[in-house]
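A.B. asks: Quick paste of what TrEMBL says about this protein:
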{"type": "ACT_SITE", "residues": "HIS11", "note": "active site, tele-phosphohistidine intermediate"}
{"type": "ACT_SITE", "residues": "GLU89", "note": "active site, proton donor/acceptor"}
{"type": "BINDING", "residues": "ARG10, HIS11, GLY12, GLU13, THR14, ARG15, TYR16, ASN17, ARG61, GLU89, ARG90, LYS91, TYR92", "note": "substrate binding site"}
Amino acid sequence: MVRFGLTVVRHGETRYNKDKILQGQGVDEPLSATGFRQADAAGVFLSNVKFTHVFSSDLLRAKQTCAAILGKNKFCRDLEIKCDARLRERKYGVAEGRPLADLKAMAKDAGEQCPSFTPSGGETLDEVRERVRDFFEFLCQLAVGLEQKEPGASSRSSGTPKEQFVFPWTNHCSEGEPSSEGSGSCKLLDANILVVSHGAYMRNWIGYFVSDLNCTLPADFSKSQLSSVSPNTGISHFIVKLENGNLSKPEITCVCLNQDSHL
């Protein structure tokens, strides 16, 4: 059994976010002062979580958020951030740099609804989901490769007491999950991965997990929560299990979705 933790964070606020202007991929806006404060707060919130791998969208607002989070981390400040274009925001074509209201007007004129509407030059939801699927399968292959190379090595080598790795919002451990015996001990994970990305992309990712991979959700989740965009620096966490390294049938459990108690 291969297990890994996956923490997904939306970038901090930019001036365009505040003004409700679409950035997509063509507007590479930096974080605002508020955005940097949000990123620092997320970093403090996750400061006791040891990550084994860190990935970020290659757009500036995500890279700045990711760097701020690692800068507050007690264990991972020097961990390499790997930028990946597959984590970019959805491309909005001619609507980029324009108010969100313009996109809604374009959709109405076309007889369609947001967010399923695709403006000229933009990505369809299916195209975004293909990027999501490709990146997630890459993460699964990464975790399987680590386990095959040296079972448990990535999580056992640190020698750091387990209690330092407890996630801030649950009793889950960043390097494991609660044992079935209820003793509070943790089963080790093969990897613990941090990903920093974007709102529309993350909403598509959650949709892929739920509709395509039957992700298990907490009982109190509502459909409106699943369809809503994460707040800036909203944090979602999942435990992914691959039975016998089978990449085609991951078992995914959502621990929390778009939580922002750190703000």
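Placed from the backbone N, Cα and C atoms, the Cβ positions cover glycine too.
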A.B. asks: Rounded to the nearest Å, what's the C-alpha distance separating ARG61 (substrate binding site) and GLU89 (active site, proton donor/acceptor)? Just drop the number here, would you?
C.D. replies: 11
A.B. asks: Whole number in angstrom, please: the longest C-alpha to C-alpha distance across ARG10, HIS11, GLY12, GLU13, THR14, ARG15, TYR16, ASN17, ARG61, GLU89, ARG90, LYS91, TYR92 for substrate.
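C.D. replies: Roughly 20 Å, rounded to the nearest whole number.
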A.B. asks: Using C-alpha atoms only, work out the spacing between GLY12 (substrate binding site) and GLU89 (active site, proton donor/acceptor) and round it to an integer in Å.
C.D. replies: 13
A.B. asks: Quick one: give me the count of other CB atoms within 10 A of the CB of ARG10 (substrate binding site).
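C.D. replies: Cβ-Cβ neighbours of ARG10 (substrate binding site) within 10 Å number 30.
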A.B. asks: Would you say which of the recorded positions GLY12, TYR16, GLU89, ARG90, TYR92 has the most Cβ atoms within 10 Å of its own Cβ?
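C.D. replies: Within the set of recorded positions, the most crowded position is GLY12.
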A.B. asks: Out of the recorded positions GLU89, ARG90, TYR92, give me the one sitting nearest to the residue listed as 'active site, tele-phosphohistidine intermediate' by CA distance.
C.D. replies: GLU89
A.B. asks: Report, in whole Å, the straight Cα-to-Cα distance of GLU89 (active site, proton donor/acceptor) from TYR16 (substrate binding site).
C.D. replies: 14
